[in-house]
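Pulled from TrEMBL, these are the features on record:
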TRANSMEM  36-55  transmembrane segment
DOMAIN    155-350  domain 'Peptidase M28'
TRANSMEM  390-408  transmembrane segment
DOMAIN    427-641  domain 'Endoplasmic reticulum metallopeptidase 1/1-A TM'
TRANSMEM  428-449  transmembrane segment
TRANSMEM  464-484  transmembrane segment
TRANSMEM  505-522  transmembrane segment
TRANSMEM  528-549  transmembrane segment
TRANSMEM  556-577  transmembrane segment
TRANSMEM  597-620  transmembrane segment
TRANSMEM  627-649  transmembrane segment
DOMAIN    659-830  domain 'Endoplasmic reticulum metallopeptidase 1-like C-terminal'
Amino acid sequence: MFQPTGQSSKQKHPKVKVLDPDIDYSKAKSVHSISSWWGIGGIFIVLVVGNITNYTNSHLPDGLRNAHLTHFPAAFIAERAWKDLKILNDFGPKPTGTYTNEVLAVDFLNREISYIDQLKNRNQQLVVQNQIVSGGYVGVYMNKSAANVYRNVQNVVVKLVGRSESTSRHALLLNCHFDSVAGSPGASDDSGSCAVMLEVLRVLSRQSDVNRYSIIFLFNGAEETPLQASHGFITKHPWAADVRAFINLESAGSGGKEMLFQSGPKHPWLIEAYARAVPHPYAQAAAEEIFQSGVIPSDTDFRVFRDVGRIPGMDFAHTANGYRYHTRYDSIDYIPLPVLQRTGDNILALTRAIANGDELGSTERYAQGYMVFYDFLGLFFVSYSADVGLMINLSVVLLSIIIPFLSLARSTSGTHGRQIRSETMTGFLATFLGAGASGVLCFFIGLQLDAIGRSMSWYSSTNLILGVYCCPALLCQCVVHLLCNRLFGSKTTPLSLALKVQARLNGVNLFWGMITLGITFTGYRLAYIFMVLILCSLCSSTLISMLGLQNTVHKWLLLHMLFQIVALAWSTQFYHILMNMFVPITGRIGSSINPDVIVGTLATFATLFSCSYLTPLLFLLKKTDKLIGELVAITLIALVLATSTHVGFPYRDDAVKAPAVQRHYITHTVRKFYDHNGGERYTDAGFLLQELDRNAKKTIEGIAMPDVVTPMREIPACDKELFCAIPFYSIWHQVLNYWLPGPAPVVRQAVTVSLREKEQLSEHEHRLHLVLKGSFQCSLIIGPKAGSTLKRWSLLSEIPTPIEFNGQRGHFVLLTAGVESEPMNITLDVR
């Protein structure tokens with residue numbers, strides 16, 4: 001608290017240079033200290049701000065009804081879209097090839113488009129085409145290649161003709177898919193998007209002004225199979241050549257906000273159009289980089305338009321309530337009017353902006369790199385080029401370190417630079433070690449919960465994450481700061497407590513600055529996440545310096561906390577985004593990964609991200625025992641709830657209209673084995689049960705009792721049959737399946753493959769003529785015998801890389817038929 005300036009044997013007390021004129025030396029504590037209760041108050045502030053951002057993350061605008069048409073004739077009316085969605089939803093599951101998809105859904109779309117055509121403005125022109133298309137391509141799924149072949153899948157395509165149609169037939173494409181997975185009505189994935197597109201078409205067709213460029217609405221009937229109908233459109237439809245940009249509407253959840261999570265590539269004008277047009281922004285460049293990294297087990301038609309069509313575009317998806325994704329709970333019961341209203345408002349405005357802008361006429365002129373983009377709580381949207389982002393990140397990081405140091409040095413008349421640097425490095429070291437130690441602690445907690453059979457206790461009660469992982473992480477970070485202060489902090493520092501804490505906070509700047517620059521110089525745009533956090537600290541430290549508040553009693557702290565509330569709003573926003581996305585995903589990533597480790601890691605990061613600029617403030621507390629005790633108590637209560645009460649049971653039924661059920665993928669199978677002469681050797685039947693989450697094995701064994709399930713690689717068929725004689729989908733998830741013998745299923749239409757003719761092309765090459773009859777969705781596995789090679793086939797112009805499994809090699813073909821078709825003739829040339 002003071003600095004000796006000289007000493008004499010005649011002096012009883014040394015002269016001191018007092019940096020804190022308000023210090024009371026008669027008391028043990030500095031006047032800069034604050035009440036111990038403020039430690040608990042800090043936790044309260046974090047929770048309050050977190051609840052506010054949770055509200056903003058889920059808040060939706062009111063849905064407009066038909067009664068509002070008088071006042072808003074050119075607006076998106078959610079009630080009309082909801083009625084369209086209700087019809088599609090009530091058809092039930094709509095897998096490609098089924099009556100509900102190929103007849104009922106297609107008939108409804110054609111009928112509704114016909115009504116829109118009849119009621120359009122006389123200035124507008126609609127052209128409708130029903131495309132029935134066949135084709136195929138080689139796809140890569142989970143790092144394995146397969147041939148994806150489709151026959152007679154359907155697209156309903158509508159063109160709203162623009163003014164430029166006679167001179168330049170450039171067009172904007174809007175895409176949705178009306179098919180669904182088996183067992184799910186697909187209300188959000190993706191009938192809701194189709195209902196939005198119908199309403200957008202309805203509104204645009206009734207306006208008197210004709211759009212500058214044409215707009216093509218693609219309602220595709222085979223996305224889940226996967227991505228087949230969009231491939232058929234972009235490679236076979238005559239209008240595909242006119243498309244210069246696209247908007248793809250998807251869903252990976254049920255309800256909530258639609259997020260812009262992919263754009264371009266390298267077409268920044270799309271983001272600029274989004275920025276100026278969309279009334280309710282919700283977009284993160286970080287989401288684009290995370291999704292394209294492959295950590296999320298999903299894909300969309302965006303890939304086909306981008307990679308096959310070479311067209312730039314934007315990908316939107318609803319991500320909330322991923323528990324209901326691809327289940328029977330993806331129904332209209334969970335999609336209120338505000339969901340459709342928000343999406344409709346945004347897509348209608350964006351469609352108008354792009355279809356009437358200059359860029360669509362010459363998109364390649366505007367292909368000038370990548371954009372950094374993000375919204376702040378949906379209140380405003382920020383975007384700039386990646387090159388500008390590099391300069392912003394570099395400037396903010398350097399200034400955030402230099403300005404606080406110069407400010408603190410000036411407040412000590414430049415005499416204590418060494419002490420300021422020392423405290424800064426202590427703050428950096430404490431933050432770095434706290435991050436590592438809290439990560440190790442949460443990793444250990446995740447391992448222990450999994451070991452005692454309480455994995456995923458937070459799955460349906462996500463608030464448990466705060467106690468089970470976030471509190472231990474914060475506790476560990478606080479303890480590490482205290483230890484670093486004891487081990488590395490100077491006991492005789494001349495700096496006041498206020499200056500010492502501010503120097504420690506500059507160490508936090510250094511920590512996040514190194515991370516920001518490291519990410520920036522590796523080429524990732526998501527560095528903006530950390531840059532904004534540092535920017536809040538930079539703003540507060542700059543104002544503190546300008547106002548000369550560095551060594552004041554609590555005034556600097558008030559200014560710091562005001563900006564930290566903004567930083568908390570930013571950081572807790574990402575906590576909710578991460579948890580809303582990844583917690584439901586842990587219910588479908590299989591059993592080989594411990595989900596508690598994933599969630600614990602995310603919670604550790606989110607805690608550090610949210611509280612790193614608050615943790616050094618604990619040195620201001622007169623006593624830290626209240627804060628430490630509070631964190632220990634919350635942690636213990638949460639662990640008891642997670643391990644010893646029903647609160648920790650992972651799953652929840654539909655009793656409170658918020659289902660979070662356990663997923664199971666069960667293949668009811670009958671298998672018939674034939675010899676090389678076509679004679680049947682034997683038949684068996686049973687169930688293949690796939691582990692979709694960490695607790696699935698226990699459930700599967702409970703269902704099977706008193707019978708015993710057999711791991712897939714241990715079934716007798718693995719000894720002698722090609723690829724263990726199991727279906728294609730199960731091979732793709734080969735380590736996650738069990739076999740349970742059972743009764744044969746009722747098969748309405750069996751799939752058969754017969755040899756029609758064998759033709760010898762040369763001494764070593766033969767051509768097999770096969771005929772395939774049966775199901776609208778099936779798979780074909782072709783395994784040449786040892787010494788033979790598949791050289792050519794009639795399915796595609798190329799042959800995918802063979803898959804290796806169980807010591808065998810073979811080729812996989814996904815076969816889908818939409819509209820009922822004739823038996824399929826297949827030729828194989830084998831050398």
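Using the three backbone atoms N, Cα and C, a Cβ is placed for every residue, glycine included.
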Same-chain residues near the transmembrane segment (528-549), Cβ under 8 Å, at least 6 residues beyond its ends: 285-286, 372, 374, 389, 392-393, 396-397, 399-400, 403-404, 406-407, 410-411, 502, 505-506, 508-509, 512-513, 515-516, 519, 555-556, 559-560, 562-564, 566-567, 570-571, 574, 609, 613
Among 36-55, 390-408, 556-577, 627-649, stretch most in contact with the transmembrane segment (597-620) (C-beta, under 8 angstroms): 556-577
Selected stretch (most C-beta pairs under 8 A with the transmembrane segment (36-55)) from 390-408, 556-577, 627-649: 556-577
Long-range environment of the transmembrane segment (627-649) - Cβ separation under 8 angstroms, sequence gap at least 6: 36, 39-40, 42-43, 445, 449, 452, 454, 457-458, 460-461, 464, 466-468, 471-472, 474-475, 478-479, 618, 621
The domain 'Peptidase M28' (155-350) [mean pLDDT, rounded to integer]: 95
